[in-house]
Amino acid sequence: MLFANLWKAIILGIIEGITEWLPISSTGHLILVDEFIKLDLSKDFMEMFNVVIQLGAIMAVVILYFHKLNPFSPKKNGEEKKDTWILWSKVLVACLPAAVIGLKFDDYLDAHFYNFLTVSIMLIVYGIAFIIIEKRNKNVAPKCTNLKDFTYKAALIVGAFQVLALIPGTSRSGATILGAILIGASRFVATEFSFFLGIPVMFGASFLKIFKFLAKGNTFGSEEIIILITGSIVAFVVSIIAIKFLLNYLKKNDFTVFGWYRVILGAILIGYWLFS
């Protein structure tokens, strides 16, 4: 049984590592895959697993951007350290809306929106949004091409967009990237800020899920720990590859292809839901 669950955890780790950073919804994909590849574990554990596995993914950002995000780096001068602290303060400002709403409505969202149909609809809705916005911005020069120019007001607006991602299928990265692009950020700035915003958000969400899992009287057996660690490690490795791919892809391309992917996948899934 452990072996069967391990290979399923590896598959989920691969999916998490790819979909966390591409604007196609990692949680949504994990919920969808769970319809077809079920781990032989409790529902409480799987709800927690689908969020906590993101810790592996977020560590990829920490490693890849360690120098840029580390305000204590001896290789930075005083001005560079100050800029790093300012960046972190903007990230924390952007976290506020989702932190407040998420804490208040987390259980409600889990009960009413963590399902196949919701994910399918959200994939289509935000896929269309990406297609329309990229078409609109095709010949429009971005106003903000450097993270230093990303204001606190802009950070708060992007944080408000992140609230939308509390509904599965939306995509945290997708919602925040869309929000940043709509207020004039370049695709690269929008993507990097979305990466950094994910660090406190995903750490917070993961620890909240672990706390609620334990508060229900659940415990971690050796099998659960092995599965959780395996999925997280796989997510970390795959995330490194996915992040590098996306940043390189955006040098010459936009997000339209991801919009079409979302629309097509969502339509297929709704068809499956209607006729299965």
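Here the Cβ of each residue, glycine as well, is placed from N, Cα and C on the backbone.
Listed features, source Swiss-Prot:
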type	residues	note
TRANSMEM	45-65	transmembrane segment
TRANSMEM	85-105	transmembrane segment
TRANSMEM	113-133	transmembrane segment
TRANSMEM	150-170	transmembrane segment
TRANSMEM	188-208	transmembrane segment
TRANSMEM	225-245	transmembrane segment
TRANSMEM	255-275	transmembrane segment
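Here the transmembrane segment (113-133) does not lie next to the transmembrane segment (85-105) in space: the count of CB pairs under 8 Å, restricted to residues six or more apart, is fewer than 3. Within the same chain, residues 9, 12-13, 16-17, 20-21, 26-27, 30-31, 34, 39, 110, 114, 195-196, 198-199, 202-203, 205-206, 209-210, 212-213, 218, 224, 227-228, 231-236, 239-240, 243-244 sit at least 6 positions outside the transmembrane segment (45-65) and bring their C-beta atoms closer than 8 Å to a C-beta of that stretch. If you look at the transmembrane segment (150-170), the same-chain residues 6 or more away from its ends with a CB under 8 A from one of its CBs are 25, 27-28, 31, 89-91, 93-98, 101-102, 105-106, 109, 113-115, 118-123, 126, 144, 176, 178-180, 183-185, 189, 193-194, 197, 201, 266.
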